[in-house]
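Participant: Below is the structure I would like to discuss, written out as structure tokens.
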Amino acid sequence: MNFLYVELLNDLSRKLNDISLFKLASEKMFLLALASVLVSSAARTPQIIPQPESLEVISGEDWSLTNGMTIGYDSSIPEVKDLVQFVSDSLRVPTGFRFNIVADQEVVNGLYFGKMESNIDGEYHLTMTTQLVTIYGRDRLSLFYGLQTLLQLLPPQIYSSKAVTTVSEWKAQLVIVHDSPRFVWRGVMVDPCRHFFSVDVVKSIIDGMSHYKLNTLHLHLTDDQGWRIELKKFPKLIENGATRDSSPKMWDRWVSDDTQYGPYYYTEDDIQDLLQYAKERCVTIVPEIEMPGHGLACLSGYPEYSCRGGPFKPYCWWGVSDDIFCAGNDDTLGFLESILDEVLKVFNSTYIHCGGDEAPKQRWNTCSKCQARIKALGLSSANDLQQWFTQHFARYLDSRGRRLVGWDEILEGSLELPKQAVVMSWRANGGGQVAARKGHNVVMSPCDHIYLDYNQFKAVEKYEYIGSYSTVKMCYFFDPQDGLEDEYKHYILGSQGNLFSEYIWEREDLHYKAFPRIVALSESTWTKSENKNWERFIRSLEQSHYEKIRQMGVDNAAPLSLGTEQAIWTQGEFSGRWVSVTFPITGAFNQKGTYEIAFIHVKGEDGLKIRNVKLLIDNVEIDSDIHEGRAGNPGENNIYTVTVADAPGASQQLAVHAEVCADGEYDTTGVIHVYPADVKN
């Protein structure tokens, strides 16, 4: 066994032995765990996403979740009682089981939540025997993450929101896991302004996030096109800002649909419901109240806080309105402070996002109040005025125990931001790197890597996107610390994928654009770089996680590649002799570039050997990769690279030709994915 585990287990044993109630149970548990850690290369490979820091497979029979099983806990752990009740209620839904919950008692058979000293947020340790699973952590958060790892070891139906009758035994492979997150901000942004998403739809995103240990949901609640949160002190925000006269047509963005959109907004009760739901799942909701730009929906109700005085209506086109909040008007500052005060009463997040992006300065340049402010403060430009504006609200929030987050435009100007201001870098990584070097915390969210409203494929897709592309692979390989000197890396809080909704209309395409890219983001933000493995990740998706995602209620996750036919091989199709075979992949791409061809083992005890892989367009060889590999569990050199110099025509036929040979008893089934090799735009 790894020395780390021995030391940790011994330390935990000493701590538990100090508590007489647990002495016998702890001795039994640790003796069994230490005796059974015989890792076999033939053992099944646990498919845990994000990949844990340390993972050991234990030989022996599985652990089983059973009716009447005991769930025990150490009552000295903060909020552990609530977690255990949540676990019991959640597991009862798919299984129908009822559980015996006990505090501070010996548990021999079942599930136990124990205390572990740690100074790392989210660190947990999980041990298993055939009788007992023990999850150790310092608090509810740590234990919750250990629970998510355990759930991934059970049949996918454990995520079902309905009673399951097709699973006869709820078994989990025995493992020992020690784990902690790499970054503290592992986020997803949802935009209900351009297109609104119901509470239930937002909850479905929270579910997926929580199961993959993502912890921050950024809600983009205000923009030019709509105001989406009820603040009863300011009724005109909803009366005037929650409805727009029309929207751009789907697939024809420069033509109006001439159809009223709204009123759509979250009531105070809706927000409380979401906050409670997220809290139970260890997700923090960070609200965004845009200022000084992207504020037209707000100004539609309160035009006196603009430079021109209105009247205004919410913007009916995508993009940015020229009318923004007047930074030269003291009443505007007071109004926005009051807005933030109301928001702070609702949201308990340390972080409050105040936008700051894409603020046109035309109105400020001709506004007498703004120009007077610039002169009085000795500022040199409108950019300086925005920085002063940001300074004001960063200090205002700091005085109330909160921290302002802003898009990277808040760096523009000659002033210095307060150190407590957090920069969310969306225009590539450069702004975030500048901010980190100045001592600011940073959330990396670059559009050229992890914007989830960007195309997923270099191919014809069934949904409309804003443009460009951001593939699953790009999300997986994004590292928010890349390009930054070691001395500044600690300023990086993490990263976040953004679902701006100009071209996301409803639950179906929201899910399609979110999954599996946010699953890839979970590993890029949680897992240490040295523990990441792209082949393992996509194999895990194919073998089990697509089904897990479906059981979570996401019926429309995007595939890893497109095509008019799925390129697959099936059990017994190939023997132990090398044969040549052609797999159709028409529709996989329609642009020039470099592509990877991945042969992924999906099920079976044996593997498929591959060599001499060729890409064909209309039966003409375009490029080849001749090395020998094997699609198995795990795969070995089973990803091939080809380059296409000219984009294929719409009517041309694409195919992959390869020599293949099954091994063992020919028990192998798999799929071939063809996708861009790029890891960034």
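The backbone N, Cα and C atoms fix where each Cβ goes, glycine too.
Keep in mind that TrEMBL annotations are predicted by a computer and have not been checked by a curator.
Residues or ranges marked as domain 'Beta-hexosaminidase bacterial type N-terminal' by TrEMBL: 45-158. Taken from TrEMBL, the feature domain 'Glycoside hydrolase family 20 catalytic' covers 183-528. Per TrEMBL, the feature active site, proton donor maps to GLU358.
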Participant: What does DSSP give as the helix, strand and coil breakdown of the domain 'Beta-hexosaminidase bacterial type N-terminal' (45-158)?
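Facilitator: Here the numbers are 33 helix, 32 strand, 49 coil.
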Participant: Across all chains shown, how many C-beta atoms besides its own are within 10 angstroms of the C-beta of GLU358 (active site, proton donor)?
Facilitator: 16
Participant: Quick one: average pLDDT across the domain 'Beta-hexosaminidase bacterial type N-terminal' (45-158), no decimals.
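Facilitator: Averaged over the domain 'Beta-hexosaminidase bacterial type N-terminal' (45-158), per-residue pLDDT gives 97.
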